[in-house]
Amino acid sequence: MSVGFIGAGQLAYALARGFTAAGILSAHKIIASSPEMNLPTVSALRKMGVNLTRSNKETVKHSDVLFLAVKPHIIPFILDEIGADVQARHIVVSCAAGVTISSVEKKLMAFQPAPKVIRCMTNTPVVVQEGATVYATGTHALVEDGQLLEQLMSSVGFCTEVEEDLIDAVTGLSGSGPAYAFMALDALADGGVKMGLPRRLAIQLGAQALLGAAKMLLDSEQHPCQLKDNVCSPGGATIHALHFLESGGFRSLLINAVEASCIRTRELQSMADQEKISPAALKKTLLDRVKLESPTVSTLTPSSPGKLLTRSLALGGKKD
């Protein structure tokens with residue numbers, strides 16, 4: 001079995017490194033394509049011994065399981081490019097947030113009647129074999145195809161099959177989850193530094209606390225609240241800290257973060273499906289939108305091309 005990645009960014013690197021570290025694939029059985037060969041992830045893949053190419057078609061030709069590891073809005077253009085090269089042996093795995101099985105199948109069915117498509121959502125901890133992955137199989141994918149993907153992804157962490165309509169929510173929870181954890185760790189380390197700990201020690205202690213807590217939960221059948229209560233002694237430091245978190249809306253912030261990620265996932269698919277614009281045009285549209293929405297807009301004045309004119313928007317006529 002050979003595995004191909006269209007896209008050689010963080011996800012492709014994390015999966016390739018995870019697969020090779022787990023021993024389920026050797027590097028020479030992996031190929032990745034990217035139009036840009038100077039990316040840090042491309043350099044890292046090259047050092048691992050992964051085959052690299054600028055040609056997406058070449059990646060399809062030399063793979064059996066094909067991961068679409070690019071941004072959602074690029075998927076339609078990739079499928080138009082490689083559709084004629086996808087054969088009956090290929091299992092096409094879309095890892096792009098919000099991209100539905102039906103949208104991939106519709107594109108590929110212009111080239112062949114029964115493309116085998118699987119939608120997958122994973123996360124970057126696959127790089128250390130601690131990923132969280134769910135997948136849903138398409139109309140023409142066989143049971144064996146799903147089992148093959150599950151075998152691959154289980155080698156780099158937890159993997160299970162779900163109904164496709166759950167995957168957007170999974171994206172908001174575990175797909176984006178590592179970023180929430182890293183932000184929390186950064187804040188915890190800042191707290192430790194504020195109270196006198198060296199930065200390196202503060203980071204290590206915070207990371208180990210989260211790692212240990214996660215392992216305790218996964219190894220037990222107890223509810224997180226019960227494990228939390230076990231840490232709190234009456235009138236102690238921990239319950240006072242938790243009261244402070246509650247008063248700051250800690251739970252609501254996390255719930256809202258999961259919801260925001262899920263909603264954005266659906267927006268990304270809508271942008272690709274409805275606007276039908278090229279990746280370059282989409283990038284320009286987003287940049288223009290950022291400029292319009294930014295509270296500070298910088299432009300070059302016609303009379304002074306070398307000078308920067310900054311217009312600050314004041315709220316209610318007041319200045320900060």
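These residue numbers are counts, starting from 1, taken along the chain as shown.
Any Cβ shown, glycine's included, is placed from N, Cα and C.
Positions annotated as NADP(+) binding site by Swiss-Prot: 6-11, Ser34, Asn56, 69-72, 95-97. Here Swiss-Prot flags Ala8, Gln10, Leu11, Ser34, Glu36, Asn56, Val70, Lys71, Ala97, Asn230 as NADPH binding site. Residues or ranges marked as L-proline binding site by Swiss-Prot: Glu164, Ala237, Thr238. Residues annotated as compositional bias 'Low complexity' in Swiss-Prot: 295-305. Taken from Swiss-Prot, the feature N-acetylserine covers Ser2, and the record attributes it to experimental evidence. Positions annotated as phosphoserine by Swiss-Prot: Ser304. The region 'Disordered' annotation in Swiss-Prot covers 295-320.
Other Cβ atoms within 10 Å of the Cβ of Ala69 (NADP(+) binding site), summed over all protein chains shown, number 27. Around Thr238 (L-proline binding site), taking its Cβ as the centre, 12 other Cβ atoms fall within 10 Å, counting all chains. Of all the binding-site residues listed here (Glu36, Glu164), it is Glu36 whose C-beta has the fewest other C-beta atoms within 10 angstroms. Binding of NADPH is attributed in the record to Ala8, Gln10, Leu11, Ser34, Glu36, Asn56, Val70, Lys71, Ala97, Asn230, and the widest Cα separation among these residues amounts to 53 Å. Listed binding-site residues: Ile6, Ala8, Leu11; maximum Cβ neighbour count within 10 Å falls on Ala8.
Spatial neighbours are here defined as Cα atoms within 10 angstroms of one another, and by that definition the neighbours of Val70 (NADPH binding site) among the recorded positions Ser2, Ile6, Ala8, Cys95 are Ile6, Ala8, Cys95. Here the C-alpha separation of Ala69 (NADP(+) binding site) and Thr238 (L-proline binding site) works out to 42 Å. Between the alpha carbons (Cα) of Cys95 (NADP(+) binding site) and Leu11 (NADPH binding site) lies a span of roughly 9 Å. Cα-Cα distance from Leu11 (NADPH binding site) to Ser34 (NADP(+) binding site): 13 Å (rounded to the nearest whole number). Largest Cα-to-Cα span within the L-proline-binding set Glu164, Ala237, Thr238: 43 Å. Counting Cβ atoms from all protein chains shown, the residue listed as 'N-acetylserine' has 14 others lying within 10 Å of its own Cβ.
Residues within less than 8 Å, Cβ to Cβ, of Ala97 (NADP(+) binding site) and separated from it by at least 6 positions along the same chain comprise Pro72, Met121, Asp168, Thr171, Gly175, Thr265, Leu268, Gln269. DSSP assigns Ile6 (NADP(+) binding site) to a strand.
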